[in-house]
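Inspection log for the structure reproduced underneath, given as structure tokens.
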Amino acid sequence: MSMKQPVRVAVTGAAGNISYAMLFRIASGEMLGKDQPVILQLLEIAPALDALKGVVMELEDCAFPLLAGVVQTDDATVAFKDVDYALLVGSRPRGPGMERKDLLEANAAIFSAQGKALNDVASRDVKVLVVGNPANTNAVIAQRNAPDLDPRNFTAMTRLDHNRAMAQLAGKTDSTVNDVKKMIIWGNHSSTQYPDLTASTVNGKPALDLVDRAWYEGTYIPEVQQRGAAIIKARGASSAASAANAAIAHVRTWVMGTDENDWVSMGVYSNGEYGIAKGLIYSFPVTCANGDWSIVDGVDVSSDFSKEKMAATEQELSEERDAVAHLLP
């Protein structure tokens, strides 16, 4: 197999748990293909650089044929130099006694700086995935600070919610995730997200014909919305491996394309589709081809139930954006 030229992949929060579950898989070719060498450009805060050094030692010790180089730094302009992909995983976690507004502001500072650095030094075609929470709003902040880059290059991860929703539906219908098609997560990566089965099928049959409405509204939706909290309760730590898996899948789909007759959920820049306010980064059903995404047209969102759920998560995203509006250019 002839090798391509290496591409540069930046990962922030590179010594953290999600990155630890992700970097080895990127270096093995799982994200961009087995014929695509990568240079990893890893960003951490200064106090974590020693821990990062240990991760890099382990990466070296794997002797990955596709790993063409590693950069370790606490300087965003070094980490983002000429990058083709940027996975923004690092964010400020919510500490004791911290209000949501404080969390938004702390992250606004981080993602403003990263957006500016991407604007200054990244490839003009850089594909950005924000994983660090609140992911949708952090993506808006980075995007607004990168006026020279196409807003379509900035995405937020709702693939984890999408995968959770598929797994729960497969379990309920005694099928496998391979049988589930056309899942949708609308809105924010938060407990207001709307896992919508209106268009979904299981083995070609409409999902809503296979499950009862009371289960769908009363059990399924809240379970998908609150799955992250359930994992923290059970594991004593937040989901890391499943988040890393979803991040890899998000980028791989964006680059390699969606399967025929199926789609995925991605937090992407709204241009007013489905009546959602322009400029929000909102999760829509999308198809991907030739390294680009497009929002699926014509999904039926006419029911009062759908309208209400989509508006509630949009309102939360608008409120988050408004809370940091004074920090946006």
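The backbone N, Cα and C atoms fix where each Cβ goes, glycine too.
Computed from a predicted structure; not experimentally measured.
Same-site candidate for substrate binding, as annotated by Swiss-Prot with R94, R100, R164, chosen from N133, N136, N138, N188: N133. For the recorded site, R100 (substrate binding site), the DSSP three-state label reads helix. Comparing C-alpha positions, Q114 (NAD(+) binding site) sits nearest to N133 among the recorded positions R94, R100, N133, R164, H189. S19 (NAD(+) binding site): 28 other CB atoms within 10 A of its CB, across all protein chains. Long-range neighbours of G13 (NAD(+) binding site) (same chain, six or more residues apart, CB within less than 8 Å of its CB): S19, L43, E44, L88, V89, G90, S91, G132.
Of the listed binding-site residues, namely R94, R100, R164, the sparsest CB environment within 10 A is found at R100.
Listed binding-site residues: N17, Q114, N133; maximum Cβ neighbour count within 10 Å falls on Q114.
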